[in-house]
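Beneath this line is the structure, given in structure tokens, with notes to follow.
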Amino acid sequence: MNALAATNRNFRHAARILGLDSKVEKSLLIPFREIKVECTIPKDDGTLASYIGFRVQHDNARGPMKGGIRYHPEVDPDEVNALAQLMTWKSAVADIPYGGAKGGIGCNPGDLSKSELERLTRVFTQKIHDLIGVHTDVPAPDMGTNAQTMAWILDEYSKFHGHSPAVVTGKPIDLGGSLGREAATGRGVVFATEALLAEHGKSIKGLTFAVQGFGNVGSWAAKIIHERGGKVIAVSDISGAVKNPNGLDIPELIRHKESTGSLKNFQGGDSMDANELLVHECDVLIPCALGGVLNRENAADVKAKFIIEAANHPTDPEADEILAKKGVVVLPDIYANSGGVTVSYFEWVQNIQGFMWDEEQVNKTLQNYMTRAFHNIKVMCQTHDCNLRMGAFTLGVNRVARATLLRGWEA
């Protein structure tokens, strides 16, 4: 099941549980605006190249729309629609005043020089500058983009609208980026894990963890878990996988990956089949990479007692049902990986105020938001007698529906 179908299915289930009016339900699914633009740039060799750029703005009932911009050759409109919608529910679950958006450009950033990427980003910004804004739609980095991309968007946007640091988040620190932003999603995953384990009378210390995906989110989550006394016994990424039943030395593994670009040949563990990681013996499994990795083929073999969804949509609905029957507790993506958008919100607030926070304040406030959101999800689980995924979806959808109706939408 693709991301859009799964997201719509979860939304409709939540709408039924909440007893939403069918017209309200339909209106919440329809995106506010879909933008498609042609971006033509001169390449370094003097030839012209054209790329399709787009932005899906899903909902603005609770505040400006918010979401990443990805540069990827297979930018799929269905997936982007699903991710824009997920951002709406995710922001509402975290209780930050945003709606959802997503966008990007169909290109392979690895095939473009830095100057070509800059030209492409600036042309894209010129085409959409009047449709994004500090109080309209606030982009952030995603797959294939980074802090430098956001700096170019900020500069180009400011040519039209004056200095506007709050128009994007995930910026370089020197241009108003927030301390703690780089680690935010991984740190939020750890805070979410702690809240869930506390509910079951456990803590990170002494438990075993397997982390699938060792990019920004996975490496930060593993590092903080390691610091808190958790045993990360298996890690995988696109380059391979490594395991050590006594626990991997995560700081050493990060250094190894930074110096070699790969997990291969790490002396502090044995190599393993990357596919085996998902069904490896452990207490907590944290998928941090692609969607759909837990499916009906492998769900029955999962040995973890807890799954923390640090990636977007890592668990297919069919796998959800199998895992539920096995008694595996799944902490859903729209809550578990919301640390990134939460600290993006803090960055936006700091930019609007013109007053920056220290890193301790960012991390402490993030912990408060993640802990409070978990307790709000648990209340919905108890009220509606549902699992954590539906607890999160009913919490998010209910907040957006209430905001929509309070603003005077005519049913």
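In case you wondered, yes, glycine gets a Cβ from its N, Cα and C as well.
Listed in TrEMBL for this protein:
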{"type": "ACT_SITE", "residues": "Lys102", "note": "active site, proton donor"}
{"type": "BINDING", "residues": "Lys66, Lys90, Ser344", "note": "substrate binding site"}
{"type": "BINDING", "residues": "Thr185, Asn216", "note": "NAD(+) binding site"}
{"type": "SITE", "residues": "Asp142", "note": "site 'Important for catalysis'"}
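Close to the recorded substrate site, the chain also has Gly67, Met87, Ser91, Ala94, Ile96, Tyr98, Gly100, Ala140, Ser338, Gly340, Val341, Thr342, Tyr345: residues not among Lys66, Lys90, Ser344 whose Cβ is within 8 Å of the site's Cβ mean position. In the structure as shown, the Cβ atom of Lys66 (substrate binding site) sits within 10 Å of 29 other Cβ atoms.
Cα proximity to Asp142 (site 'Important for catalysis') (within 10 Å) is found for none of the binding-site residues Lys66, Lys90, Thr185, Asn216, Ser344. A C-beta separation below 8 Å, combined with a sequence spacing of at least six in one chain, links Lys102 (active site, proton donor) to Arg55, Val56, His58, Gly67, Gly68, Arg70, Val80, Asn81, Leu83, Ala84, Met87, Asp142. It is Asn216, among the binding-site residues Thr185, Asn216, whose Cβ has the fewest other Cβ atoms within 10 Å in the structure shown. Every protein chain considered, the tally of other Cβ atoms within 10 Å of the Cβ of Asp142 (site 'Important for catalysis') stands at 21. Nearest neighbour of Thr185 (NAD(+) binding site) by Cα distance, taken over the binding-site residues Lys66, Lys90, Ser344: Ser344. Across the residues annotated as binding substrate (Lys66, Lys90, Ser344), the two Cα atoms farthest apart lie 13 Å from each other.
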